[in-house]
Structures are given as C-alpha cells and as structure tokens.
Amino acid sequence: MQFEHGGHVRNLARLAGCEVEEVIDFSASINPLGPPDGLRGIISRHVSALVHYPDPHCQALREAIASVFSLPATQVVCGNGSTEILYAIPFAFSNRSSDAFSRSAFPQSSLENFRVTRAVIPVPSYIDYTTSVTRAGLEVTTVASHAESGFAVDWQRVAQELTGADMVIVGQPGNPSGAMFNTEDLLAVSDRYPRTLFVVDEAFADFVAGYTSLAVHGRPNIVVLRSMTKFYGIPGLRLGYALGPEPIVRRISEALPPWSVGSLAQVVGAAVLTDRVYADRTRAEVSRLRERLHRDLLDLGDITVFPSAANYLLARLDGPNPDAALLARKLLAHRIAIRMCDNYEGLNDENTDGEAPNNRYFRIAVRTEEDNERLIRAMARSLDRPPQKRERIRARPRTPAIMFQGTSSNAGKSVLAAAFCRILLQDGYRVAPFKAQNMSLNSYVTRAGGEMGRAQVVQAQACRCAPDVRMNPVLLKPNSETGSQVIVRGKPIGNMDVNEYIQYKPQAFEAVKDAYDSLSSEVDAMVIEGAGSPGEVNLKRHDIVNMGMAAHARAPVLIVGDIDRGGVFASFVGTMEVLWERERALVAGFIVNRFRGQQALLAEAMEYVRHHSGVPVLGVIPYLRDLGLPEEDSVSFKAMDKDASRGANQVEIAIVDLPHISNFTDFDPLELEMDVCLRIIRGARQLGSPDAVIIPGSKNVPGDLAYLQNTGLAEEIVALARKGVTVMGICGGMQMLGNGIADPHGIESGGADSGGIDPNGNVSQMGLGLLPMDTVLARDKTLKLVSAHHRQSGLTVKGYEIHHGYTSGSHPCPAMITEDGSAIGFASEDGIISGTYLHGLYDNDAFRRWFIDDLRVRRGLAPAGTVQTTYDLEPALDRLAHVVRANLDVEGIYRKMGLQ
C-alpha cells in the first residue's frame with residue numbers, strides 16, 4: 001500500500017542510500033526545537049507503570065487539557081494522534097455508525113441522533129480529510145481555494161454548498177498552505193447552519209502566536225482537533241485530542257477503541273502542557289526561522305512562496321524551473337527530503353494548453369537554521385542558480401571540530417584534547433585548541449599580555465602555535481569569599497559572585513562565540529574542551545562551555561570517563577539520561593580513560609552502553625604514568641600523595657598546599673628531577689625537616705596568610721628559616737614573606753573590614769616578617785612576560801608576572817632585576833630567604849639545577865654540576881599522541897568531524 005504522507009524517513013533513507021540519521025526531513029512539519037527538555041525524565045519516571053493497562057478514559061490528561069482551555073473535562077476526548085480522532089468522527093456521525101449511539105444512556109440533545117451524509121472540504125487540504133470521510137461512506141464535495149488569496153478558505157463559497165446533514169472539515173491553519181481564515185467568518189456560517197457539523201483541524205494552531213481556539217466559543221456544532229505530537233516534537237509517541245460539546249465528544253469517544261492512548265503518552269501529554277516557556281520560545285523561534293526561510297526561497301528566483309502562519313511553507317516552482325518531482329529527486333541526492341504536493345487536490349495547476357497537471361507545488365517544514373541553510377544551498381545547486389545568487393545565501397563555513405567533554409572534572413579531557421591536537425598536527429592539519437570558559441587558578445600570560453588557562457597553553461604547544469587568549473576567552477579565578485575574578489579575552493573585568501556571573505553569562509557567551517568564530521576561521525580544525533560534566537543539571541540552562549558551545553561550533557562530542565575512579569559505564573549511561581534530546585544528538589562516542597588491564601574484559605560493558613544509549617565506545621586509553629605534562633587545575637595537585645621518604649641522594653623540598661593555591665604547575669619541573677623528593681604539606685605536623693620550603697602563589701593572599709597563621713604553619717616556617725632552611729615564596733608566597741599586606745580595595749579579601757588598612761592607615765594583616773618589605777594590593781593587574789637577571793646564580797631567567805599590587809621596603813635586597821631595571825624578586829642578605837613575582841621560574845633548566853645543587857651542597861651532597869633533566873613538553877606530547885592514536889578510532893572521529 002502506498003504511503004501518501006511525508007515523514008516516512010526510513011523509506012526516504014532507503015531511496016537516498018543512507019542511514020536514517022543522515023536524512024534531513026523537510027517533508028514532515030515537526031517543531032524544530034525538538035521535544036521539551038524534560039521529556040526523557042518524564043518517560044523514565046513512568047516506565048514502571050507499563051506493567052499496567054493505561055487509563056482507558058485518560059482522566060488526568062483530559063483534566064490537564066481542559067484546564068488549558070478553561071473547559072470541563074467532559075468536553076475533551078483523547079486519541080492515538082489527532083488522525084485517529086479524525087477517522088473516528090465521520091464514522092461516529094455517518095449512517096454506517098452503530099445504532100448504539102441512539103440507544104446510549106446519555107441525555108438526549110439535538111445532536112444525539114444526528115447523522116451526516118456528505119462532507120464538504122475546502123481544498124487544497126490535508127489528504128486524510130477526504131480519505132476519512134470516504135471510508136465512512138460519505139459523499140465528498142470539495143470547494144477550491146485559489147493561489148491568488150494564498151489558498152485561504154472562501155467561506156462564502158463553502159456556505160453555498162451546504163444543504164444540511166453535512167460535515168465541513170477545514171484546517172486552521174490550512175495544510176499545506178499554512179493560511180489562516182477569519183474565525184468570525186466560520187462562527188457566522190456555523191450559526192446559519194446548525195445542522196452542519198464543523199470539524200476544525202487545529203493540528204498546527206499552537207504555532208500561531210496569539211491564536212484563540214475555536215473550541216472556547218462554545219458552538220454546539222463545532223468540534224476542534226488538536227495534535228500534540230507536532231508542536232511538542234514527539235510524533236513517534238502519537239497523541240491528539242478533540243474539544244467540543246459533550247454530545248459530540250461522547251459520540252466520538254464511543255467510536256474510538258479502548259486503551260488507544262498509552263500510559264507514556266498520557267503522562268507526557270499532561271506534563272508538557274505546563275511548559276509555557278517552551279511554548280513561547282517555540283512560537284518566537286519558528287516565526288523567526290520561517291520568515292528567514294521565506295526570504296531565502298524568494299532569493300533563489302522564480303519561486304512563489306505563500307504566506308504561512310504554521311511551521312511549514314508552501315511553494316511553487318515558476319518559469320524555467322523543473323517540476324517538484326525532479327527537484328525532490330535532486331534534493332534527495334543531497335539527503336534532503338521535501339514534500340511533493342502532487343496528491344493534493346487543488347494544487348495541480350494545468351499547463352497553458354490545458355492538459356496534464358504540471359506538479360510544481362511542494363511543501364517544506366521549518367527546521368533549524370543550519371538545516372534551512374543546507375536546504376537553500378542544495379536547492380541553489382539543484383536549480384542551477386548562478387554563482388552570484390549562491391553567494392547571497394552562503395552560510396558561515398563550518399570549521400571541522402571535535403569536542404571533549406567528561407563525566408566529571410579531572411576525567412582527562414585536557415590531556416586527551418592535547419593528544420588530539422598533536423594527532424591532527426601530525427596528520428598535516430592546521431589546528432587550534434579552544435575552551436570557552438575555564439575555572440582555574442593556574443593561568444599564563446601571553447606575549448601580548450593577556451591571561452589564559454595553562455591547559456590551553458599546553459594544547460597550543462601541541463598544535464605548535466602561539467598561545468592566544470581567543471583559545472580561552474573566559475577565565476574564572478576563584479578568590480573564595482569574594483567569588484571569582486572574571487577575565488574576558490585576557491583582561492580582568494572585575495569580581496563577581498555566582499549570581500552576578502550567571503546574569504553576565506549571555507554577554508560572556510557572545511565574547512566566547514566571537515573568539516571561536518575568529519580563531520576557527522584561521523585553521524583547518526578545532527579541538528574543543530568542555531568543563532566539568534555536561535550532565536550538571538543545575539548549570540545546563542545557562543551553559544556556555546559544554547553542549548551550548550558544541551551546538552555553536554556544530555562539533556560532535558566525545559564524552560570521557562575515568563575508569564580508574566570506578567563507575568565509568570554507569571556514568572556514561574547516567575550522563576546520557578540527563579542530556580536533552582538536542583544535546584544527545586551531538587554525542588558521537590565515549591572514551592574510557594586511564595584503564596589498567598585487559599581491554600577484552602570491557603567488551604560486555606561497552607556493548608551494554610552502546611545498546612542502552614545508541615552511542616559507541618570509540619576508544620580505551622590505558623593508564624599513563626608520568627605524562628610529563630602540567631596539570632590543568634589544583635584538583636589533581638590537591639589529590640597528590642606526596643609524603644614519600646627522602647632518598648640518600650635526594651634533597652627534600654616541601655611545597656605548602658594553600659587553600660587558594662594558584663599556578664601550582666610552577667613546580668612540575670622539580671618533580672621530574674631524580675635527586676628531588678617533593679612533598680606537599682597540608683599541616684604543621686607534616687613539615688618535618690626539609691631542605692627547602694616553597695610557598696606558592698595564591699588567589700587570596702590575605703586568606704591564605706591567615707590560614708598559615710591559624711594552622712601553625714607560619715610559626716613552623718619561620719622557625720625553619722631561623723635554622724638556615726631555604727624558604728622561597730613565589731608571587732603571593734613572596735608577599736606573605738614580608739612584614740605585612742594591605743588590601744584597601746578588597747581585591748582579594750573583600751574590603752578593609754576583612755583585612756585591609758585600618759582607619760589610621762596602618763597595615764591590618766601582618767606577614768611572616770622574613771623579608772623587610774610590605775605589599776599593597778592594587779586594582780590594576782600586572783600581566784606580562786619577563787626576562788630577569790638572578791644575581792645570586794648569575795643566570796638569566798624567563799617567566800611571567802600575574803599579580804595585583806606592588807611590593808617595596810626600606811632596605812630589601814633585590815634578587816631578580818628585569819631588563820628595565822625593575823626588581824621583581826627580593827632576598828635576605830645570605831640568600832636563604834627569597835621571593836619573586838616570576839612564575840615559571842623552575843621551567844628554566846639551568847636555574848632549576850642551580851637551585852637544587854645549592855640545596856645539595858647545604859646538605860653535604862656533591863652538586864651535579866650540569867642539567868640533569870630537560871623540561872621539554874615536545875617528547876611528552878609525541879608520546880601521548882602515539883598512545884592515544886593506537887587506542888582511539890581516529891579515522892572514525894575524522895569522519896564525524898567532516899575531515900577528508
């Protein structure tokens with residue numbers, strides 16, 4: 001049997017020679033936004049109820065519908081799609097209907113025993129209007145509408161055909177035209193013909209802003225059909241209803257089979273009716289998309305596009321264009337389906353010689369902006385439009401991209417993104433990394449003086465390109481009580497608490513999109529990193545870094561899970577369950593990270609995940625020790641267990657773990673040295689007797705200084721310094737070594753009330769007093785790359801400054817002098833106590849060896865004398881890329897990206 005409707009996507013895919021998912025179906029007019037975001041949760045919550053039969057009367061659903069229209073539930077009947085009710089109505093009111101209707105126990109009314117013998121149908125119209133009444137044995141009279149009026153219903157001509165015992169079926173808006181008629185015209189005709197039943201199909205009326213259903217006018221001879229599957233994007237669920245006077249509704253109900261509406265459809269229908277935000281957003285977005293699509297079709301030339309109030313457009317090919325059948329075949333070669341209108345009565349215009357119909361009409365759904373643009377481009381090619389026409393409708397080229405998201409923080413996204421950057425580079429592509437928003441205290445200053453996350457700096461090195469603030473346009477640096485410092489395009493714009501930042505996010509996202517579009521236009525491929533997990537349900541509404549960014553970049557998403565933590569496969573399934581449908585569509589695969597063991601043992605679990613979610617596992621990455629790459633954030637640093645015993649040929653360096661530690665990667669190079677025992681200190685009892693103590697940078701110097709003082713660490717560090725133990729402070733750590741710190745503007749402490757300057761202008765927070773200097777935190781932030789001379793070693797060192805304020809004293813001893821003569825480091829006269837504003841100090845191989853050898857000599861060990869370890873990320877990146885390439889379906893990912 002031939003299927004005469006659009007939306008038969010499986011058959012379309014067969015004809016196109018592709019998978020169903022590859023077809024862009026403009027033949028079925030479904031909400032381009034997809035279903036409401038809560039759909040999957042509603043269904044999941046009610047799966048257990050499938051062991052019972054559904055409510056045969058749909059009581060809860062009918063009450064929900066009735067409340068929307070302020071009608072009693074007795075005026076509502078539900079069906080398995082509005083089409084089921086459409087077919088039931090002619091049967092219920094035709095002579096073929098059972099005498100049971102007249103013997104009903106219901107109270108009698110003027111319509112109780114009413115019968116119709118003929119249907120009057122304005123055309124063009126939905127073809128099942130005619131099919132449904134013909135099957136019920138009714139005669140059919142059609143009333144033609146005309147193209148000149150946009151195929152609007154001519155109620156004067158319809159009235160002329162009415163004789164009594166008629167049924168009029170009409171769409172509002174019309175299908176396929178999308179035209180609306182004047183409600184008052186129908187009401188007037190219905191009043192003049194009380195023995196005519198008017199069936200108004202409002203299947204697409206929800207898309208019309210400000211429209212009031214005819215059901216609320218209370219006419220005794222009007223019944224309204226409504227579809228929930230089109231507006232709410234759930235045609236596979238099948239759900240519709242009718243509104244009308246109780247006698248009409250009763251007769252329709254008795255013509256329907258029992259249990260025709262399943263349990264899931266009932267609960268979904270009742271739930272989605274309450275989502276007014278979704279409804280309003282749909283109407284606004286569909287209107288915008290429809291108007292743009294209308295203009296783009298007209299720009300193609302020789303096409304008539306009829307005005308529409310629905311989520312579809314009726315068009316006619318004019319002039320030298322081919323007929324719609326040929327256009328449809330050409331578009332299907334591009335895997336795009338449209339609805340030919342050759343089986344719609346009233347649309348088959350005759351040729352100029354009055355012979356065969358020319359089949360020039362077609363209908364297209366309003367889909368997403370990307371789909372609509374693809375349709376227009378394909379039509380331009382199919383209709384052989386000149387190049388200048390195509391230029392006008394060309395969309396922004398999409399740069400192939402891949403995005404790594406995770407089931408949690410520290411799942412390995414940054415490292416795998418760096419690996420894929422290097423893989424793409426090795427395969428000859430120009431590539432750049434990107435992370436929309438980074439929350440990290442570990443930042444870097446670019447050559448241009450902009451601040452960005454260190455992870456993207458490493459990824460840039462994997463791409464062998466210079467770090468660029470566009471790679472990380474938004475950087476959040478938490479500073480505890482005062483929220484986070486917000487850095488946009490490399491420059492701080494101020495501190496914000498959570499609520500303030502949520503309000504700012506739309507503005508931030510515009511900066512993110514501008515940065516991405518600019519950067520991506522310069523390369524062949526983009527590697528994007530997400531943050532945390534896309535499944536954080538409390539953050540999804542204002543997301544700019546995970547699925548929101550993937551949608552903008554049109555990037556397939558790989559979700560990374562850390563199996564070493566356990567529960568990775570449950571995390572994959574759980575993440576997919578909380579994603580909205582449009583987000584799930586972006587997920588291309590899963591990656592199991594940090595696996596120890598035989599991969600074959602995971603086969604059953606991987607198959608389960610694929611079967612449950614429809615998404616495959618594309619790779620299993622082994623656990624990699626000693627990567628030699630900087631960590632992205634302090635999560636990993638704070639998770640480190642660095643309490644090992646010092647070896648006989650080692651010096652021991654204790655690094656204090658501050659609550660607001662920043663730029664902790666300053667110490668990664670020290671960890672690579674074989675003659676260094678690195679310990680992380682979190683309490684005074686752990687300090688012991690190290691050869692050196694390093695106080696790292698801090699994003700809240702007053703708060704972390706108070707932490708040292710309150711935990712006893714300050715007292716212990718001072719005692720060690722007096723015993724001749726080397727004490728080093730970097731940036732905020734150096735500021736703590738001085739006599740005092742003032743924060744008069746509340747940059748890090750929240751204001752004078754919590755650690756600034758007292759009313760007499762005196763410093764209100766004392767430092768450790770190990771160096772004769774004071775620090776005042778200032779509003780302006782110092783951001784620059786620096787080269788400096790280290791007096792004690794005689795070496796030139798390079799790094800970068802990121803700090804607020806300035807440090808000075810009456811007679812401090814400068815330890816590091818920049819090329820312009822500025823002091824960025826200070827030391828005691830014997831050099832035992834020292835501090836510097838220079839981050840990246842230990843990245844300098846010669847200085848690092850000098851520092852370690854100085855400690856060795858003080859400990860009585862022979863100095864090594866020469867550099868023992870070269871801190872070079874290139875070999876580490878190549879090793880990482882080699883392992884990831886060997887364990888990941890790189891070619892498959894390239895195909896998903898659209899790379900050749």
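One-based numbering along the chain as shown.
For all residues, glycine too, the Cβ spot is worked out from N, Cα and C.
Automatic prediction, not curation, is the source of TrEMBL annotations.
Mean pLDDT, taken over the domain 'Aminotransferase class I/classII large' (48-378), works out to 91 on the 0 to 100 scale. Residues annotated as domain 'Aminotransferase class I/classII large' in TrEMBL: 48-378.
The domain 'CobQ/CobB/MinD/ParA nucleotide binding' annotation in TrEMBL covers 402-627.
As annotated by TrEMBL, domain 'CobB/CobQ-like glutamine amidotransferase' applies to 652-846.
The Cβ of Cys731 (active site, nucleophile) has Ser662, Asn663, Pro696, Gly697, Ser698, Glu801, Ile802, His803, Thr836, Tyr837, His839 as same-chain neighbours under 8 Å, each 6 or more residues away in sequence. In the three-state DSSP classification, Cys731 (active site, nucleophile) falls within coil. Annotated active site, nucleophile per TrEMBL: Cys731, in sequence order.
Counted within 10 Å of its Cβ, the other Cβ atoms near His839 (active site) come to 26, all protein chains included. Annotated active site per TrEMBL: His839, in sequence order.
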